[in-house]
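Visitor: I'd like to ask you about the structure that follows.
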Amino acid sequence: MVRTPAAGFVLACVFLDALGIGLIIPVLPRLIGTLASSPDAQASWYGAIMVSYGLMQFFSAPAIGAISDRLGRRPVLLTGILGLAVMMLVPAFCDSLWLILLSRILGGAMSSNIVVAQAYIADVTDESSRTAAFGRIGAIFGVAFILGPAVGGMLGETDPSRPFLIAGIICALNFLYGLFVLPESLRAPARDPFTLKRFNPFSSLLALSRERMVLPILFVITLYTLSQSLMQCTWALYTEFRYGWTPKMIGISIFVLGAAITVTQGWILPRLSARLTPTQLVFTGLFCGFAALIGIGFSTAGTFLLPLLALFSLMGVVGPTLQSVISRTGSPTTQGVRLGAASSLNSFTGAVSPLLGTPLLFFTSQSAPTDPSAGTPYFLAALLVLAAIILTLISPPSAEAGNTH
């Protein structure tokens, strides 16, 4: 566990940041629905907003990571948190889908400060504890998702704009907290000049892909995060269409997933990382995710989903493990750009997944709950995880880079 005061400060900031984001998850589809002219328009706007958010994360993550390598983690973190607060408040006070789209585009750029949080943790931990430390960041998100969506779902039952107001206030308080208590972690900033190449996600990924140990990891990250993003972008509408769930029930389901992820990344992962190799950790997590997604696709009633979400949460060991391997292959002054490049894959899949998931929701909306075709989005997600499993077995994460035993 990360125990330095500096790490405690940044984890608290991550928690408040994630809590603000979690509040809006159950209500965003319904808020769009109150402004859209039809269910088809609702799905189209929802897809456009999710795609735009993910694309901005994709393009901004390497740039923000590189800036934090150059200027320090503290100023970049605080700027991102303040910007996110402003972008959260826009949907609370406007009734225009175009303004909501714009706010989510800018919010996507600001939310890339999770890359800086990861780099901060890498600055203050040694290599032997980094996998567990990255797991703690995931656990913090899990705790925030326990509280955020559950509260957001209840607040949004009568007014879907209210959680955005609360989220904006939380992010503003987060900024004030960090302004007074967050110290700088980067002792020796990078001295490389700013260039457009450093801010280009494709250039950053290309540079990482030239490293023999890292290239297969990038493919695995792409496949498994695409499956996760496909689930995330379809969950609210999928459960509403197939099972008739309300924002309250959607919030409860995300509560269960968040609780399970917290246990997985905060308690299970630190213990497993001391006993298993990175390859064993990744394979175990991917297999559990594959089994859960197949189960969700075949579930004919919503009551089956909660235990399957708990099983799916075990895939949470994959991300921190692979991030740790990538982090350990770089120098302290390149943590931001390396983790930013890897994080941009998450953002890219977040942008692509609505393009896949939104059309697939047609099968859900037009099928009876007992019809297997209703689970099409989750069968596709399972196939992506299966491909990641095969790649992991063919080209496992390097023991030299990732094994601390």
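Placed from the backbone N, Cα and C atoms, the Cβ positions cover glycine too.
Straight from TrEMBL, here's the annotation block:
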| type | residues | note |
| --- | --- | --- |
| DOMAIN | 6-399 | domain 'Major facilitator superfamily (MFS) profile' |
| TRANSMEM | 44-64 | transmembrane segment |
| TRANSMEM | 76-93 | transmembrane segment |
| TRANSMEM | 99-121 | transmembrane segment |
| TRANSMEM | 133-152 | transmembrane segment |
| TRANSMEM | 164-182 | transmembrane segment |
| TRANSMEM | 213-238 | transmembrane segment |
| TRANSMEM | 250-269 | transmembrane segment |
| TRANSMEM | 281-298 | transmembrane segment |
| TRANSMEM | 304-327 | transmembrane segment |
| TRANSMEM | 339-363 | transmembrane segment |
| TRANSMEM | 375-394 | transmembrane segment |
Visitor: For the transmembrane segment (133-152), which recorded stretch in the set 99-121, 164-182, 213-238, 281-298, 375-394 gives the largest number of Cβ pairs separated by under 8 Å?
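Guide: Answer is 99-121, with the largest number of Cβ pairs below 8 Å.
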Visitor: Look at every Cβ pair spanning the transmembrane segment (164-182) and the transmembrane segment (339-363), keep those 6 or more apart in sequence, and say whether at least 3 of them are under 8 Å.
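Guide: Not in contact, no.
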Visitor: Select the range from 44-64, 213-238, 304-327 that forms the most Cβ-Cβ pairs under 8 Å with the transmembrane segment (375-394).
Guide: 213-238
Visitor: Quick check for me: are there 3+ Cβ pairs below 8 Å between the transmembrane segment (281-298) and the transmembrane segment (213-238), leaving out pairs under 6 residues apart?
Guide: yes
Visitor: For the transmembrane segment (339-363), which partner among 99-121, 213-238, 250-269, 304-327 gives the most CB pairs under 8 Å?
Guide: 213-238
Visitor: Report, as numbers and ranges, every residue of the chain located at least six residues beyond the transmembrane segment (250-269) whose Cβ falls under 8 Å of a Cβ in that stretch; write 'none' if there are none.
Guide: 22, 25-26, 131-132, 135-139, 141-154, 235-236, 239-240, 281, 305-306, 309-310, 312-314, 316-317, 320-321
Visitor: Quickly jot the same-chain residues contacting the transmembrane segment (44-64) by Cβ under 8 Å, restricted to those at least six beyond its ends, or write none.
Guide: 28-29, 32, 35-36, 76, 80, 97, 100-101, 104-109, 111-113, 115-116, 198-201, 204-205, 229, 233, 237, 336-337, 340-341, 343-344, 346-355, 357-358
Visitor: Take every residue in the domain 'Major facilitator superfamily (MFS) profile' (6-399), average their pLDDT values, and give the whole-number result.
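Guide: Summarising the domain 'Major facilitator superfamily (MFS) profile' (6-399) by its mean pLDDT gives 82.
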